[in-house]
Each structure stands twice: as structure tokens, then as C-alpha cells.
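Student: Handing you this structure, nothing more for now.
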Amino acid sequence: MQLNPAEISELIKSRIEGLAASSDIRNQGTVVSVTDGIVRVHGLSDVMQGEMLEFPAAADGQPSFGLALNLERDSVGAVILGEYEHISEGDTVKCTGRILEVPVGPELIGRVVNALGQPIDGKGPINAKMTDVIEKVAPGVIARQSVDQPLQTGLKSIDSMVPIGRGQRELIIGDRQTGKTAVAIDAIINQKGQGVTCIYVAIGQKASSIKNVVRALEQAGAMEYTIVVAASASESAAMQYVSAYSGCTMGEYFRDRGEDALIVYDDLSKQAVAYRQVSLLLRRPPGREAFPGDVFYLHSRLLERAARVNADYVEAFTKGEVKGKTGSLTALPVIETQAGDVSAFVPTNVISITDGQIFLETSLFNAGIRPAINAGISVSRVGGAAQTKLIKGLSGGIRTDLAQYRELAAFAQFASDLDEATRKQLDRGARVTELLKQPQYSPLSTALMGATLFTVNKGFLDDVDVKKVLAFEAGLHQYLKTSHGALLDRLQQNRAFDKEGKDEAELTQAITAFKKSFV
């Protein structure tokens with residue numbers, strides 16, 4: 001059989017065209033040293049800051065990943081996310097070309113996940129349809145809208161004196177064992193039926209404490225709208241550092257789609273300590289209190305992502321799918337102080353970043369005033385605009401009464417005979433202080449809170465014994481629920497008294513009637 005030259009050339013051409021000679025270009029390097037979860041890698045010339053690096057798989061076949069944090073002249077300093085015992089000198093490290101991402105979306109609601117969004121509650125896999133990067137730029141000034149919608153915590157002392165609005169950052173600060181977590185959990189429980197998705201980020205806490213929080217949320221039915229991100233004390237410093245950003249990204253998913261979300265960081269002191277540990281192991285120069293120079297930026301870039309975004313931003317983000325809706329992410333960061341020292345490095349940083357703070361005091365807590373809020377130095381810089389008309393109108397006198405009471409109580413210790421006006425002021429203050437006490441996991445509705453504040457404002461409690469004030473309040477709430485349900489429904493819906501004064505008259509009548517029967 002003889003082939004002519006044209007056929008031969010056609011055959012060669014077709015063979016060449018069918019040849020798959022593709023090559024996969026990947027940037028890779030070699031492990032130089034491994035110490036305390038910090039890996040030095042030689043090579044990786046094109047690596048990005050914060051890029052995920054792929055390390056050899058562990059014995060169970062799960063791939064190991066790290067985060068490139070230090071980009072030096074001849075090596076890269078990376079921190080391992082998870083176990084690092086199986087990594088040794090000479091191992092190959094590959095660039096992934098991706099920044100660290102976590103799963104986001106409604107599939108995460110009701111689940112407990114780790115800092116990487118992997119389930120740790122034993123309820124099976126999370127089939128999230130989307131992932132998103134943990135480090136994002138916060139919305140700009142043009143994309144934002146002013147805070148004017150309330151985020152009710154259900155706590156009398158907070159909603160009346162330091163109100164929180166949707167999209168605000170309100171710091172909860174105090175010594176250990178002063179009820180900081182309790183305030184945050186009550187705020188989450190009170191969002192039931194309010195259309196707010198909650199994210200609770202536990203950083204550096206004991207696993208048993210996190211378990212107790214999850215149990216409390218389950219019992220209150222709050223896990224139906226809550227995601228728990230847990231980086232316990234037993235996990236690496238890198239996981240504790242990353243967890244806050246992971247939780248924030250999960251919250252931003254809802255914010256950017258015109259929904260409301262609430263995120264609690266419990267607590268950022270431990271996150272700062274974890275970041276300090278990572279930074280010192282990476283040989284970064286230490287500054288004040290041995291924290292690295294960018295510890296302010298650590299918290300500012302996180303908390304600036306909590307915002308209320310306008311309808312244009314939401315419409316542009318969703319490509320026109322969601323119109324005319326604003327979204328919000330409200331942040332409640334927690335900071336633990338040492339012996340009440342709010343002028344330490346991390347507390348002052350976070351105070352300057354947030355829109356106000358709720359200061360909890362050990363002395364008040366030990367005196368049985370719980371929540372132990374110090375009304376004098378607790379402020380809300382933007383929440384006043386978001387307060388409901390009902391609570392705003394009734395709470396004006398509360399802070400003044402308390403402030404005057406604290407001042408007079410200090411002098412009254414030394415005075416033997418007090419004039420009538422001073423005694424009245426002291427009596428009113430004692431009753432207000434007693435009335436602001438509230439048991440844990442029992443947030444109040446706006447209507448019942450309004451009724452309570454109305455009672456003290458109009459002087460109905462002036463002749464009730466201080467020890468019976470809380471019993472009076474509980475009895476009044478029960479009486480209003482059974483006999484004046486329609487009034488409570490109106491107040492809850494309108495969040496204000498009617499202009500004709502009928503609601504006010506009915507409430508006065510109801511309290512007077514109840515008081516006659518109260519023994």
C-alpha cells in the first residue's frame with residue numbers, strides 16, 4: 001500500500017491537532033521550619049497576603065490549609081488552620097490562588113460551626129450553596145444609611161437608657177463574671193419573630209460554656225434563627241483569630257440582601273490575645289502590652305463591616321432582585337476588662353471604634369443589681385434616633401432619676417436629717433433601681449416595658465415597699481395580659497400612645513385598679 005505525501009501530511013496534522021499537551025502551572029515552595037503552628041516556607045514568590053496555602057494531607061486524608069501572613073524577602077510566614085503535627089521540614093506547599101472563604105447562606109441557621117464554617121454539632125453536613133471571603137472592605141459612606149430602626153434587647157435598663165439601633169456597634173464591657181454574655185444572649189432571644197438573623201461568635205471560651213449558651217438558645221427557641229461560630233480555648237490561636245471574620249461574613253450575607261442581622265463577638269479581648277500570639281510567633285515587632293502595631297486595625301476593619309446599608313446598595317448587590325429594602329448588620333462586641341480598667345490598650349481601642357458602650361460593674365452585680373449596668377458611663381451615640389416613641393417618651397426621667405439618686409445616696413450616708421425633697425428623690429431612685437432589675441433569659445416586649453416605665457414615671461410605685469416593687473411589676477404584667485390584652489396589642493403594634501390619650505387613660509385606669517387589689 002502506497003501513501004501519497006498529501007495523505008501523510010494530513011495524518012500528521014490531525015495527530016498534532018488531537019494532541020493534548022496542556023500543563024498546569026502552580027506556584028509551590030518547600031517547608032523550612034515548623035514551630036507552634038507557624039510554618040516558614042521557601043519559594044512561593046507570587047503568593048498573596050492572606051492567601052490559602054495547601055499543605056500535605058493528614059493521616060485521615062483531609063487536606064491541610066494555612067494562611068500566608070508574613071511575606072518576606074526570601075520566605076513566607078504562614079499559620080496553619082487546624083492540626084500541624086503531620087507537617088515536617090521539606091514538605092511541598094502549593095499556592096491555591098484563593099483568599100480564605102467560608103460557607104454562607106440560610107443553610108447555616110440553627111447549626112454550630114467552627115471558624116472555617118465546618119459543622120461541629122454532629123447534625124451532618126451543611127449543604128451551603130455559596131462561599132464568601134472572610135476579609136472584605138466595609139461599605140463606603142455613600143452605601144450607608146443612618147440608624148433609625150430599633151433593635152430591642154428586651155432589657156429595661158438598655159432599651160430605656162442606652163438604646164441600640166439596627167446597624168449600630170454597641171460595646172458590652174466589664175470585668176469577668178459581670179453578666180456580659182447574659183446581656184448578649186438576652187438580646188438574641190428577644191429577636192424571636194422580629195425578622196433578625198443572629199450570629200453568636202464564641203472566641204477562646206471553654207467548650208462547656210459554649211455548650212451552655214447553645215442549650216440556653218435551644219430552650220428559648222432561638223436556634224431557629226441563630227448561627228453559632230465556635231472557636232474554643234482548646235483550638236489554635238489562628239482559628240480564634242479567624243473566627244470573628246468568618247462570623248462577620250456569614251452576617252453580611254443577610255445584610256447585603258436587604259435583611260437584618262445581629263452579630264455578637266464574645267469576646268474580642270481573647271481574639272486580640274490570639275492575634276498577639278500569632279504575631280509574636282511570626283516575629284513581628286511588639287508594641288504596647290506586647291500587642292503588634294496593627295491591633296487597632298484588627299478590630300476596626302471587623303467592626304466597620306457592621307452597618308446599615310441603603311436600598312440602592314442592596315439593589316445593586318442583588319442585581320435588581322431585591323428593591324426598596326435596606327439591610328443591616330448590628331454588632332455587639334464584648335470586651336473583658338481587668339479590675340475595671342477601661343483605659344487599657346484594647347478596651348480604649350474598641351471604645352473609640354464603636355457607637356457607644358454598655359459598662360457592667362462588679363460592685364453592682366454583687367449587690368444584686370442585674371443586669372449590672374452603670375448608667376453614668378454607659379452611652380449610646382446613635383441609638384436615640386432609633387428608640388421607639390413609646391419608650392423614648394417614658395424613659396427620659398429614668399436616667400436623670402438614677403444619676404441624682406446615686407449622687408444623693410453618697411451624701412445621705414453622712415447626713416442625719418434630710419429634707420422632704422431629698423428623701424423623695426432617694427425613695428424614687430431606690431424604686432427605679434429595683435425596677436430595672438431583670439432575671440436572665442426573660443426579655444420584655446415593648447408594650448410591657450412601656451407599662452413598667454409608665455408606672456414608675458407617674459409615681460404609682462412611690463408608696464409601694466421597695467422589696468415588693470418587682471412583685472408588683474410581675475403582677476401588673478399578668479393583670480394587663482389577662483384583662484387588657486387589646487391595649488398591649490395596640491401598644492406593641494403602634495409603639496406609641498395614641499394622640500387622643502385614650503391608651504394613656506386606659507393604662508392609668510388599669511394600674512389604679514390593679515394597685516387596689518395588690519397587697
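Just so you know, glycine gets a Cβ as well, placed from its N, Cα and C.
As annotated by Swiss-Prot, ATP binding site applies to Gly174, Asp175, Arg176, Gln177, Thr178, Gly179, Lys180, Thr181, with the evidence given as sequence analysis. Look at Swiss-Prot and you will find Ser378 tagged as site 'Required for activity'.
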Student: Taking the Cβ of Thr181 (ATP binding site) as the centre, how many other Cβ atoms fall within a 10 Å radius?
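Tutor: Counting Cβ neighbours of Thr181 (ATP binding site) within 10 Å gives 22.
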Student: Give the distance between the Cα atoms of Gly179 (ATP binding site) and Ser378 (site 'Required for activity'), rounded to the nearest whole Å.
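Tutor: A Cα-Cα distance of 15 Å.
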Student: Using DSSP and collapsing to three states, where does Gly174 (ATP binding site) fall: helix, strand or coil?
Tutor: strand
Student: Long-range same-chain neighbours of Arg176 (ATP binding site), Cβ under 8 Å, sequence gap at least 6?
Tutor: Glu336
Student: Counting other Cβ atoms within 10 Å of each Cβ, which of the recorded positions Gln177, Thr178, Ser378 scores lowest?
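Tutor: Counting other Cβ atoms within 10 Å of each of the recorded positions Gln177, Thr178, Ser378, the minimum falls on Gln177.
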Student: Between the Cα atoms of Lys180 (ATP binding site) and Ser378 (site 'Required for activity'), what distance do you get, rounded to the nearest Å?
Tutor: 13
Student: For Gly174 (ATP binding site), which residues in the same chain are close in space, meaning a Cβ under 8 Å from its Cβ, but six or more apart along the sequence?
Tutor: Lys180, Glu336, Thr337, Phe359, Leu360, Glu361, Thr362, Ala372
Student: Say we define neighbours as other CB atoms within 10 Å of the CB. Which of the binding-site residues Asp175, Lys180 has the fewest?
Tutor: Asp175
Student: Using a 10 Å cut-off, grab the number of neighbouring Cβ atoms around the Cβ of Gly179 (ATP binding site), all chains included.
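Tutor: For Gly179 (ATP binding site), the count of other Cβ atoms within 10 Å is 19.
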Student: Would you list the other residues of this chain near ATP - those whose C-beta lies within 8 angstroms of the C-beta centroid of Gly174, Asp175, Arg176, Gln177, Thr178, Gly179, Lys180, Thr181 - in sequence order?
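Tutor: What remains near the Cβ centre is Glu336, Leu360, Thr362, Phe365, Ala372.
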Student: Quick one: pull the CA-CA distance for Asp175 (ATP binding site) versus Ser378 (site 'Required for activity'), whole Å only.
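Tutor: Distance between the two Cα atoms comes out at 15 Å.
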